[in-house]
Amino acid sequence: MEPLRVILQKYPTLSVLVFAVAFRLVHRLLRDLPIPKHVEQDKVKSWRWRNLTVSLVHSLLTGPWAVLCVFSSPEMTSQIYSSYTTVDYLLVCISSGYFVQDAADIILSGQSRASWEFLVHHAMVLLCFMYAIYSHHYVGGTVVALLVEVNSVFLHTRLLLKLASAQDSGLYRVNKYINLVTYVTFRLSAQFYLTWYIVQHFHTLDHAAFFLFAMVFMNGMILVYFQRLVHTDFLRPKRRAAHCGKDSAASNNSAKFVYD
């Protein structure tokens, strides 16, 4: 694995761009898969469907990968600044490539105004990730942050089911509970742990102020989405089936609010 680390660290920008192209190829391959007819007939919905499927592929890859990294090197949770392996570094490069691709997809598809939250989020994430890639510091912290992708698997599944107007399906009902549990255990817990760690070690970490600002900013975003998620799936009275499609269409304008 050492030769791989040498290549990745010698050409960090090229490595990220290669993985961005790879995710773009995934995007093109997924275009051949069938999608719900009412989604295909709507330009914005069909774009969102394909965008979400690529996000789901990224989450299925990086979520379990991050869990394996943490379990194989548990010391990184207490040494987020300095502890990492070649596999950890590769994970960060791959995920950075995804965020570059997703930001480009949003911009080139003319969805910047409707998806400005994601562009801001992606810019913040990429600043943190690229710092880790170039400086070789905070790689372990970045891997811990990628634990949120475990929840993203169920979050993206939820949004795809909403686009398919399948809110009344058994799959949606099961997924919403798993989504809630993983949101707390993987997304909120990982984010708040990293925030706590930076506060506790503020005077010993390089650029701690920037990373603390980034964490607080993203914590605010995930808490807002968590409130929306709980309200939509657990607190809002069940509407008549005739209105489900309208609710889904309206909510999908801002449904994919944070973390792809």
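Cβ atoms here come from the backbone N, Cα and C positions, even for glycine.
Curation does not apply to TrEMBL; its annotations are automatic.
Under the heading domain 'TLC', TrEMBL lists 44-238.
If you look up TrEMBL, you'll see 138-156 (among others) marked as transmembrane segment. Residues 52, 55-56, 58-60, 62-67, 69-70, 73, 76-77, 79-84, 88-89, 91-92, 95, 128-129, 131-132, 175, 178-179, 182-183, 185-187, 190-191, 193-194, 197, 211, 256, 259-260 of the same chain, all 6+ positions outside the transmembrane segment (138-156), place their C-beta atoms under 8 angstroms from a C-beta of that stretch.
What TrEMBL records for 177-198 (among others) is transmembrane segment. A Cβ distance under 8 Å defines the sequence-distant neighbours of the transmembrane segment (177-198), meaning residues of its chain 6+ beyond its ends; these are 63, 77, 80, 141, 144-145, 147-148, 150-155, 157-158, 205, 208, 211-212, 215-216, 218-219, 222, 226, 229-230, 233-234, 259.
Per TrEMBL, transmembrane segment is recorded for 210-230 (among others). Through the fold, the transmembrane segment (210-230) approaches residues 117, 121, 124-125, 127-128, 138, 141, 179-180, 183, 187-188, 191-192, 194-195, 198-199, 202, 257-259 of its own chain, all at least 6 residues removed from its boundaries and within a Cβ separation under 8 Å.
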